[in-house]
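Noted in TrEMBL for the protein shown:
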- 23-43: transmembrane segment (TRANSMEM)
- 73-135: region 'Disordered' (REGION)
- 80-89: compositional bias 'Pro residues' (COMPBIAS)
- 101-113: compositional bias 'Basic residues' (COMPBIAS)
- D390: active site (ACT_SITE)
- C453-C485: disulfide bond (DISULFID)
- E524: active site (ACT_SITE)
- T610: Ca(2+) binding site (BINDING)
Amino acid sequence: MLMRKVPGFVPASPWGLRLPQKFLFLLFLSGLVTLCFGALFLLPHSSRLKRLFLAPRTQQPGLEVVAEITGHAPAHEQEPPPNPAPAVPAPGEDAPSSRASPRRTKGGLRRTRPTGPREEATAARGNSIPASRPGDEGVSFRFDFNAFRSRLRHPVLGMRADESQEPQSRVRAQREKVKEMMQFAWQSYKRYAMGKNELRPLTKDGYEGNMFGGLSGATVIDSLDTLYLMELKEEFQEAKAWVEENFHLNVSGEASLFEVNIRYIGGLLSAFYLTGEEVFRIKAIRLGEKLLPAFNTPTGIPKGVVSFKSGSWGWATAGSSSILAEFGSLHLEFLHLTELSGNQVFAEKVRNIRKVLRKIEKPFGLYPNFLSPVSGNWVQHHVSVGGLGDSFYEYLIKSWLMSGKTDMEAKNMYYEALEAIETYLLNVSPGGLTYIAEWRGGILDHKMGHLACFSGGMIALGAEDAKEEKRAHYRELAAQITKTCHESYARSDTKLGPEAFWFNSGREAVATQLSESYYILRPEVVESYMYLWRQTHNPIYREWGWEVVLALEKYCRTEAGFSGIQDVYSSTPSHDNKQQSFFLAETLKYLYLLFSEDDLLSLEDWVFNTEAHPLPVNHSDSSGRAWGRH
């Protein structure tokens, strides 16, 4: 017997041991078993082995995550081994029921190509097990996509009638025209600039720019959700395949935190929420992690530029400041990054921004455009609802709505800011046009930028939750501001609006110099048309929107895509040779929604980020990890 070879173990008989020897043997055996069993919990990736012995945790469905945390690695090392959600159908198909095998896409199961040690992607689709990678040290997350979709109050694409039996109506023809414009813009981009950030239609090539730190394919990411909601199925599959196979994150340039967030993070998040395709969630989370070093400042207010190479935040110039619209337009996307990753660091970063802004003194209740990320003090007293300030205010009211109307802090900040804007910036011209001026230390510039024309839609969106005695006032204010922005279009030769327009010297709603007379395919005016249409169903907004469609076709459409123009007051304008990615993400999307039913991306279920990427409203009663309840 084996025990005879163990020193000290001499049996009293061929069949047994003395009592003290039995005790020592059992003690040795129990220690050996304990050591072996405990080793399972010390081995790398032991969470997979633990599942053999530990009961699974109960999962809360929907916009939530379940985390098994056995350690706290630095934020940049917390990469989730994602559990792929079941894929949803291609645009236009019905939601899937339970299936025995995962859905296959055109061309079979695609495999995401790795883009470096931090960019390894899952090859799985459908109901496969989580992917695992070296370095995953004890954090696993699960997002219940089906439960999330079940809580939406409307089908994503609306209750669509059978188009074969839908009568040929004017609005349907208008919607189809916008769809054709999107198809043309996409096909031109694909033919001449696929993978580049934007198309140059006159020279028929691509443009990379320097805003994105070496990231490519901005037009692809920006187009995903527009292609999906327009049911351009083949084009959507082309865009998805490019993301899977060619969108790499191992870049080393300096990027705009704001632009990468609203275009790339926003586009990837919305693509995931619309389709359930894991590749979009994985890419969004890992790209979000690459942005975190921008917050490593004394105040936690992020710098505008982040270096992907060094992972640092850098000064554009000594003593430079952060811009309100940039650091104030992260909240929506970063809360969703926490919801989809389980990593609280994203939500914590944007909550800290709120904390700083709540504490700092505001001149007359106004938020200046520049803040020092070192001292936490305002750098200049320049206030604008247009460029530099715009989307900060937009994200306050949308944070309130996206939280399922639980984020009281955002609500209070929005209405307090709107009251200050009304008091100090709002004006009515001698000709009766309502506009929001810019404020420089108490002196007003009586001009309004095209970017500020989103405010009509924003005020309409927030009117419902204002104090009861203010609701009708805000609806009327939204209509008047939107009318003013329409006038900036109507008073030009091309029926397209300038970059900025003034109210002085007897001239109203027109640019006063050539440097402000250009139009770069901007969306803000048609954005307000869409919101006002959904609020009022006044046909004037569809009429104004159709005027924009005709003007785009006449003056901006070229042989190989759409281009901005250099002077809206010229009947033969020169083109700027750039098809902006936001034209596909925003302008064409808002026009399509304007001519669609209200339940297509219903405002009960979705808010749009400032690049028009739809993000879902939190309808869960039990979630609270990211949304914040104040």
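In case you wondered, yes, glycine gets a Cβ from its N, Cα and C as well.
Note that TrEMBL annotation is computational and uncurated.
Positions of the features from TrEMBL, shown on the structure.
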residue : record              : Cβ within 10 Å
D390    : active site         : 25
C453    : disulfide bond      : 31
C485    : disulfide bond      : 29
E524    : active site         : 24
T610    : Ca(2+) binding site : 25
From recorded positions D390, E524, T610, the one whose Cα lies nearest C453 (disulfide bond): E524
Nearest-integer angstrom distance between the alpha carbons (Cα) of C485 (disulfide bond) and E524 (active site): 9
Integer Cα-Cα distance in angstrom, D390 (active site) to the residue listed as 'Ca(2+) binding site': 9
Cα-Cα distance linking E524 (active site) and the residue listed as 'Ca(2+) binding site', given in Å to the nearest integer: 10
